[in-house]
Amino acid sequence: MSIKTVKDFNSFAGKRVLVRCDFNVPLKEGSISDDTRIKAALPTIEYLKERGARIVLVSHLGRPEGKKNLKYSLKPVANRLSGLLNQDVKMFSDCIGSEIVNNTLQMKDGDVVLLENVRFYAEEEKNDKNFAKKLSENGDVFVSDAFGAAHRAHASTVGVSDYLPSVGGFLMEKEDKFLGEVLKNPEKPFVSIIGGSKVSSKIAVLESLLSKSNVVVIGGGMAYTFLYSKGYSIGKSLLESEYIDTASSFLRKAKELGVKVILPLDHIVADDFNKNSTPEYIDSLNIPENKIGMDIGVNTLKEIEKVVKTAKTIIWNGPLGVFEFDSFSKGTAKVAEMVASCSGLTVVGGGDSVAAVNKFNLSDKITHVSTGGGASLEYLEGKILPGIKVLEK
């Protein structure tokens, strides 16, 4: 089902539009180290500005645990927005209360203001009705554009929609469109590349994508549990012993469905898990008992390249090795390059794989790079996200 968007709303002129954004950006000593999420909100903000809206932005930042903590103030975001929008974005000292509401009522068409961190109130994460009502008093219309928080049923993502007409922004629409396309109607051949360290955090995604995929590539730390389940030795590599049967049953299911599963055929290993460890190549499925698997080898990459070249749809979620250590990032870098050069629909879903694509400067060559970490993962698991459900037509 598609969602209602800003384009479905008649007129924003003169209206206070409460826009839930995801400005949960990384801060280093009070300054923003990556403004990707702020830039992702700009198309919606610009669209509303052009239509004479009075824009009241709302977001969370970090985990202040329901208390006012200026370390988590959105002030740096207001400063960055002022530069990006080329206009003064006023920072309000709170997100609810009569003084704040009065200030929003004094706004002029085209004004943009930012409310203080909603998570300074414990009621936000509890989706407290009274808090949601107070928050809704800052707007006449609600626009939800925080896909990164859409898997949370909080007051600012779900609760306010009980009190205001609600539509999705362009980012929410884009995420729903591309992730939805991958799940509902992927053009074949469809290749799912799933990495990351733990089977426990990715098995639901693997199972959700299995019946739709032609090929599933499994890499990262979780691949060793799959290899172990097939009887290979994995040395000191990461093993989730309680997921050996789960891995085994997944591989059996894939075989029954005729889905090809690519596991590491060779490895880059090390003596210990350390960024300064010396990489060593093992041209075998088996890893020596005193070694740790850290990355995929050249034969595995050749196998992945064959399927990526002919793919019409690719979803990639999670790194293929310990990419945060430069010596063990080559497998992930090569896969990022392969995905970027694929002519089909390519979607990179959330978290570390997005960081990898950015690290190797390839994001502009990917059809869609998702901004949601946990939200992308839950969407790909086939779960209904509460922040999207409230926007459905």
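All positions are counted from 1 along the displayed chain.
Backbone N, Cα and C atoms are what each Cβ position is placed from, and that goes for glycine too.
Going by what Swiss-Prot states, the substrate site holds ASP22, PHE23, ASN24, ARG37, HIS60, LEU61, GLY62, ARG63, ARG152, and the candidate of ARG80, ARG119 recorded there is ARG119. Cα distances from ASN24 (substrate binding site) to the binding-site residues GLY293, ASP352, SER353 are smallest for ASP352. On a Cα basis, HIS60 (substrate binding site) lies 21 Å away from ASP352 (ATP binding site). Of all Cβ atoms in the protein chains displayed, 21 besides its own lie within 10 Å of the Cβ of ASN24 (substrate binding site). Using CA atoms as reference points, the binding-site residues ASP22, HIS60, GLY62 were checked against GLY293 (ATP binding site), and the closest is GLY62. For GLY62 (substrate binding site), other Cβ atoms within 10 Å of its Cβ number 15. Under the three-state DSSP scheme, ARG119 (substrate binding site) falls in the helix class.
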